[in-house]
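Per Swiss-Prot, the features are as follows:
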- Lys21: active site, charge relay system (ACT_SITE)
- Asp97: active site, charge relay system (ACT_SITE)
- His195: active site, proton donor (ACT_SITE)
- Asn199: N-linked glycosylation site (CARBOHYD)
- 166-186: transmembrane segment (TRANSMEM)
Amino acid sequence: LESDFADMDVIGISGNFCSDKKPAAVNWIEGRGKSVVCEAIIKEEVVKKVLKTDVALLVELNMLKNLAGSAVAGALGGFNAHAGNIVSAIFIATGQDPAQNVESSHCITMMEAVNDGKDLHISVTLPSIEVGTVGGGTQLASQSACLNLLGVMGACKESPGSYSRLLATIVAGSVLAGELSLMSAIAAGQLVKSHMKYNRSSKDVSKAAS
């Protein structure tokens, strides 16, 4: 930089426009790392029998909670139910930088009824997933084993960068599944019931089972 701009004084190597580890509108505008959109159509039968709810209720809940509710809260990147839970779990398991969960969890979840209102179309848009498959924590034994399990360990010599791109799509797909699961549980009134039923804090876990 100094060779190109002789009169410039370098105060610091970063001016924070990079927005590393910070929520920022620029991540939505320009993207950062990998920008991924993942979508799926869930058949009416699956919504009713497996998810125990219905399409219209899910669409309404998503609009009121993830969109309107997040807007009222002044959310910058959090127009979703719990993308951060999924992203941080995968990041820790695969040796990513956990602090980059901040911008990598930027996500907007959309739901709409399709096919004459019978089926559910769900999509998640994550504009700034920051992942890698070489260096850093990816070299740790457990983390490299997880990457190997996913088929994205190390560098791809035939197509440089393809493993990190694939890992980003895995993250997005997992986020979509997590969004569908939690939103269905809330719509069906099962979230609180399951927490109360399986809440381990109600048991003395310090005592070994006899």
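Every residue number used here counts from 1 along the chain in the order it is shown.
Cβ from N, Cα, C; glycine included.
The Cα atom of Lys21 (active site, charge relay system) lies nearest to that of Asp97, taking the recorded positions Asp97, His195, Asn199 as the candidates.
Between the active-site residues Lys21, His195, the minimum number of other C-beta atoms within 10 Å of a residue's C-beta occurs at His195.
Less than 8 angstroms from the CB of Asp97 (active site, charge relay system) sit Lys21, Phe91, Glu130, Gly136, Gly137, each of them six or more residues away in the same chain. Secondary structure at Asn199 (N-linked glycosylation site), taken from DSSP and collapsed to helix, strand or coil, is coil.
For the residue listed as 'N-linked glycosylation site', other Cβ atoms within 10 Å of its Cβ number 9.
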